[in-house]
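*Asks:* This structure is in structure tokens; I'll ask about it shortly.
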Amino acid sequence: METQQVDAVTFEDVAVDFTQEEWTSLDPVQRNLYRDVMLENYQNLATVGGQMFKPSLISWLEKKVELTVIEQGILQEWEMHLKTKRTALQQDRFWSDMSNGMQLGREHSGGEPGDPVQVGAVFSEDSCPQTHSSTSNTGNTFACNLDGKDFQPLLKETSTEENIVQLNQCVKPLIFTPDVSQKKCTPEKSVECSDCGETFVNQLELQTHSSSHREKNIHKSEECGQASTHPISHGGHVIPTEKKYYECKKCEKFFTHPVYLNIHMQSHTVEKPYDCKECGKAFTERSSLIVHLRQHTREKSYECKECGKTFIQPSRLTEHMRSHTGEKPYQCDQCGNAFASSSYLTTHLRTHTGEKPFECNICGKAFTRSSYLLGHIRTHTGEKPYECKVCGKAFSGRSWLTIHLRKHTGERPYPCTECEKAFTSFAQLTEHIKTHTGEKPFRCKVCARTFRNSSCLKTHFRIHTGIKPYKCNYCGKAFTARSGLTKHVLIHNGEKPYECKECGKAFSTSSGLVEHIRIHTGEKPFECYQCGKALAHSSSLVGHLRTHTGEKPFECNQCDKTFTRSSYLRIHMRTHTGEKPYECKECGKTFPERSCLTKHIRTHTGERPYECKECGKGFISFAQLTVHIKTHSSERPFQCKVCTKSFRNSSSLETHFRIHTGVKPYKCSYCGKAFTARSGLTIHLRNHTGEKSYACQECGKAFSTSSGLIAHIRSHKGEKPFECDHCGKAFASSSYLNVHLKIHTGEKPFQCTVCGKTFTCSSYLPVHMRTHTGEKPFQCIICGKSFLWSSYLRVHMRIHTGEKPYVCQYCGKAFTEHSGLNKHLRKHTGEKPYEYKECGENFTTSADANEHETPHWGENL
């Protein structure tokens, strides 16, 4: 009865085989490394369902049989074992028999199956097995030397537990009978090696011997895919006789044996009837599926008695136990570093050799371990299979999830022995220790700056190369480091998981929270050794030190302006690009800096966190508070050299000085008007856009400037703090008072160059000039009608929108403009403010007074 053949594809693909000559050249350390690598490969394959049976070679290695056994022919037996392509049962029996010694018999005279034949070969432990007087040909069959018939080896079991190789064609049994006492026969050697002249019993021995005559060049046959180091012409076709390489035409993979290739080919067509219902992965055996399912169910049958941790495989438990015992049996001969697992040693050795066998087929990046490659590939696919059940955040690697979970639990298992500070990961601890030692072994070859680790150096080097591999999917902005992208993405999704327990303020990064807490504690741990100034952040100290050295390493490639910090350069670049990535969710206004957005939001919320200790007045920014404090001290240290006017800060002096130079760098893109200060342009642009961000909570009226809103609020309160010294008239705004004062002085400094008309206020002159030019810059986007004033456009727009914000308190009638409401109210109040001087009659509107004038003209005529 034939046994069902089992597909044993993957272990042969990864198994490393040596010739007798090669093996004897290896030292004991290399042989131990061979054992560890073979066991690791098999373990990895078994875990993912790639290996369906355990080869006897692995069983021997797991039992730690002395590797001298392999010297005595095990590797050659393994090679021949692969060539016969036996099933799992046959392989185990074959290896068991071969380890005890075997007698090979052959019978062509009709002997009974199971009877040892007289003509045969007996093998001891140091010999190689022979086959049925056969020579290997290019196919999967073997030819009998006596009758020339082809056969395929097929193993059967007998009641005497003897192994019979049945020849399918010539039906002659080969009987393997354990017989350690017999000695190896020495049949006539009729096959000669063409390279060295040595003779052998058959072609198989010659082939095994020929592998020692390796040469550099490999000659590949295009017809069959084979390749050889020493080709021999046979019928116009290259027949390899030494070390051979067989190529798979589907995936172009090379193999050293035809059996390897045949087994590998089944991986392209092999039937896998056992499907995983979770992920769809298929397996050839049920046992492999069961092992795989543990990855989904997280079934962990092997428990550690020390800590209760469970594992899927017993080998993993064994490795874990060493973390309790401290045992590290695998030591590196190069540097003496010891490891708890052979796989760790194997990976570590690659740091000495530089070997990175696992290469990404997308970007070409190579890794020392397959697990690293798997995690890297997820950066291309975006796959994040490990999800946090607390906050829903997903990760590409299990280790990242483990470290992340410690943020929720507060667990910090890695304490520093120097300062007792603890960390969530060993990598963080390693980096922290260098802050005590000051060790920075990695130096930049361009600017000589040093770093604590190679990854920081690699990230830094991108500043010089300009490479920014991490791109934001929302806005396309690119970053040199992944951490920069991670922080940036939080701007788009608004996520702020780190909250201050003191004031409730939330931050997108843990470092942001740590820096914020120092505001409450007043801690400033970073001190300048030059002047003794203390700062709350290390980055602030770095920037501060450059004020002493004068270093400004960050240069704008547009205007050559230099900056002490990269963040300043990044913000400056937005003046060239016009980029404003920070948008207010209340009014849609955008800003080039996050700090500007933060200040702007306070205009909506009314928050004024910076309070003056002198008068209690609050401000939305620290800069405003600093300027205000100088009003109490009357300090104005910055003086203009032209007119000796003094200012509280250098920026105000710089803006003022443009009055003397005539420089107006801020130009309106709508009408071309230029301004000496950016704030002037910002306010002016609102005339074109109609934007009024500052709304009165009492009546809903909106204003383009905060000062306009403040003045308006005083109209509700009746507050008019600015009083005229000449007539006692009071005003809600200082600007209104300044315009009024010119009535008393008769000053009209703003003159029209066309007609000579003068005006008390500068804003009146450009409006007047439009009467000469005919310019009407404020256009309705709906009907195209243009206006001289933005206020006219605003009132006009209400015709299209139907908005009537001014409502009569008596009858409820609504109007589009305030003047319309005032006229209407006079009907209810009876007020008639317009008097005709000729007859003394009063009217409710100026239009009525003008109409009344017409009859008097007739009387005068």
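Glycine is treated like the rest: Cβ placed from N, Cα and C.
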*Asks:* Quick check on the annotations: Swiss-Prot lists zinc finger for one of 122-144, 168-190, 582-604. Which range is it?
*Replies:* 582-604
*Asks:* For the zinc finger entry in Swiss-Prot, name the matching range from 72-94, 302-324.
*Replies:* 302-324
*Asks:* Per Swiss-Prot, which of 6-28, 834-856 is zinc finger?
*Replies:* 834-856
*Asks:* Under Swiss-Prot, which of the candidate ranges 215-237, 330-352 is annotated zinc finger?
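*Replies:* Result: 330-352 is the stretch Swiss-Prot calls zinc finger.
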*Asks:* So if I exclude everything within five residues of the ends of the zinc finger (442-464), which remaining residues of that chain have a CB under 8 angstroms from its CBs? That is, six or more out.
*Replies:* 431, 434, 480-481, 566
*Asks:* Report the listed stretch (274-296, 526-548, 666-688, 694-716) having the maximum count of Cβ pairs within less than 8 Å of the zinc finger (554-576).
*Replies:* 526-548
*Asks:* Relative to the zinc finger (666-688), which of 274-296, 358-380, 526-548, 582-604, 694-716 accounts for the most Cβ pairs at distances under 8 Å?
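*Replies:* Of the candidates 274-296, 358-380, 526-548, 582-604, 694-716, 694-716 scores highest.
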*Asks:* Compute the average pLDDT of the predicted model within the zinc finger (554-576).
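*Replies:* The predicted confidence over the zinc finger (554-576), as a mean pLDDT, is 85.
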*Asks:* Taking a Cβ cut-off under 8 Å, which residues six or more beyond the ends of the zinc finger (694-716) line up next to it in the same chain?
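*Replies:* Cβ under 8 Å, 6 or more out: 603, 683, 686-687, 732-733, 735-736, 805.
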*Asks:* In the same chain, who gets a Cβ under 8 Å from the zinc finger (526-548) while lying at least 6 residues past its ends?
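*Replies:* For the zinc finger (526-548), the nonlocal Cβ contacts are 515, 518-519, 564-565.
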